[in-house]
């Protein structure tokens, strides 16, 4: 085990990926700080990932969010060196991936990290069961064993009875379930998702998101999830990293991103999020004014704002917000209405 | 009108766009008038270049068993290919007609069901009915050997090229040149190194057929879904595992297409290979061509076409199958039964096709052809003579009487303008090499024939292509005809030409037109149809008439496809005009043919073959840039 503490499943330090024949030269010069367009103009190289660092905790769902071209897909491929990073260190389960030999790297890919792809990447000439068993097959698992395992996984992802179908006989959502099953079949510690649902219809997408939440609860894998869809990020992510032009501009919980955007870019992003669904009472509570009645209903500070509305309408008295058994502040009807009407600036959040 | 004046006004001092080309053209005309008749390079049958090559051959033939290159390398290849051929022809002969019919029928059933099987059985029987059983078996064996070798070499190279951009860049120019080489060009060098006979024929056929095997395999491999490859890698597959479990299975349908194209190429070469004494149906065809007897060559031609159709349908059925289709048990049983029945009948039935079942129609065909020739004589002679007098002769005398340096400069100027400096220099180099080889006059004559054939081909091709693109009903009628035309080997087109026009220059022109028109029509039609529907819709909704739509939208947007069609037309026409040497086209084609039939003229034939290739490369370079370069308007504006 390296110096990285066991508490992190994945640790990334100073990761760079520059495409182009003169990548190393650019990295060593000051050019690396240029804007992407200027850099391409000057050197012909494209910096897809620029000095990215983060840690993913075991069992966490870590979401990387950004628009297309922000470098998020390159970032996730660098983690298992499907794309060779230009600089930086990556440790997975305490092991330095960058130093791994090709054989060792294959072992990591076979047993520790698996990936789900946007366009599924299924093999049309193989039955569903053989697609799911592919990872075990290349490890040399005997046919009976791998088919048994594939059968278990297929029922886990809700594809009972489709083992003998071919991928092109399934709908898009079901095909991605096969992709999910293939990644799960090798029992990895970490699963990487590269925009897995963006090729699906909105309704199916919602089902699949629920599926991932359920799977995460049941199998408890560490997950790194790439998406360009903010609502997906907010729904799945325990922590979210927002990427822009190859760098992470903000990393935090959904509540932190919506409540305290780091810059205008992030603020612009989260503008349309229904804030009452994301923010908790902690963000809008205030100190009680002198003489204010403190015998109203009591709610914990982690209550979502939308969930406080029912309580507030049932009682005319201000809600007492408690944190760890102590009174942290109060929220009354006027506070709630002000917040819901959107006049409330997130200035309070910083406080 | 007003728009042109508005644009023209500010640049009144500048010359109009056409001024420079017009000036150059005028200069060339003046130079021609002044220097006509000087600096020509008349043909000399005894030129030292030719004699040197003839002597080289004599020397090689004498020392074939002494030089280590031959003793330890070339002779072994020859021996290996020869024994492979013996193996195949031995096996096919041993099967006899009942066995061969049964086995081929069974294979066809596996490939595409009972319809294809029926076609195969009927096709194989046709060889016998035509009285050509033995030569058909020989041709089949030769094709089998050539295709097997092509695939054994071509598919691995193709896979390599498909996975590595560097290999692809190295291989592509070689394939480009190979594909514009006329069938003839391979024969003389191969005769030099591998002597004559079945092995040399098989090797020539293999070399001719290998480009599609490499090219289409490379395409197939490079088109494999990158996500599937990446997914395999992300699960820790080794390169080998990904190749055999993902890449090759996914590329299989397209590789089947490569097999199909390789077989088709081999079939068109296998006939020509008879010129270096390869066995099979080619013998009858070449004999018929050289005696101008359609009756001799028609049955053999039909047999080759039947073989082409059977093999084509079998392999396309294979290519069309879905990614996970497996033969049903019923099909397996039926195919097995058919093959078993055929094998069981071997001892019962005679091995050779029974005499009584053949149909000899040579005399009848000759009679029909003679009738056609005499009764259409006025029409065909009129067409023939008018083209000769009005077009061929003036153009030919223009090219042969012009000084060589003037022709070279003209080629340089045209190629520069159309395809840019690099292509222009290549074209110039080819032309100078032709002059140095001593084949100038004949090359100019061949160029005349090619130019005329290309002109007519393009006119007909454009007309039919536009018609097909505009009328779905007409296209539905024309499509199957084009498909059929493209599966036919090149020399088949000489048949009707020979029947109508006997052995003259015009015969080759006619044959090359009907040979080259189908692909041109197809490219033009596809190009026009590829114009996005929204653009057409926008033009129609703006009130364009069908004519305006065609001239202002569809043709300009299909420009690249049309230029590609012109390039294809030129390459194909050249190939055919050379084959036309067999039926009186004269010039380079005739030199090549003479080179094979008379030992003393081997050098002439060899050099003429090289000159044909140079001519082909030159014409290709002059035109190929046209479809890659942005249009002149865009170039000006940026």
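Every residue gets a Cβ built from N, Cα and C, even glycine.
Here the structure is a predicted model, which means the values were calculated and not measured.
Range with TrEMBL annotation transmembrane segment, chosen from B:18-35, B:36-53, is B:18-35.
Of all ranges given (B:360-378, B:379-397, B:398-416), TrEMBL attaches the label transmembrane segment to B:398-416. Cross-referencing B:220-240, B:241-261, B:262-282 with TrEMBL places the feature transmembrane segment at B:262-282. Counted over residue pairs separated by six or more positions, the transmembrane segment (B:398-416) shares at least 3 Cβ pairs under 8 angstroms with the transmembrane segment (B:18-35), which defines the two as touching. When Cβ distances are compared across the two stretches, the transmembrane segment (B:262-282) makes contact with the transmembrane segment (B:140-163), since 3 or more pairs at least 6 residues apart fall below 8 angstroms.
Note: the stretches the transmembrane segment (B:561-590) and the transmembrane segment (B:140-163) are not in contact (fewer than 3 CB pairs below 8 A, sequence gap of 6 or more).
Outside the transmembrane segment (B:18-35), and at least 6 residues removed from its termini, the chain residues within Cβ reach (under 8 Å) are 398, 402-403, 406, 409-410, 413, 417.
Residues 95-103, 105-107, 109-110, 114, 117 of the same chain sit 6 or more residues outside the transmembrane segment (B:332-349) yet have a Cβ under 8 Å from a Cβ within it. For the transmembrane segment (B:108-133), the list of distant contacts is 97, 100-101, 281, 284, 299-300, 302-303, 306-307, 309-310, 313-315, 317-318, 327, 331-332, 334-335, 338, 352-354, 357-360: same-chain residues at least six beyond its ends, Cβ to Cβ under 8 Å.
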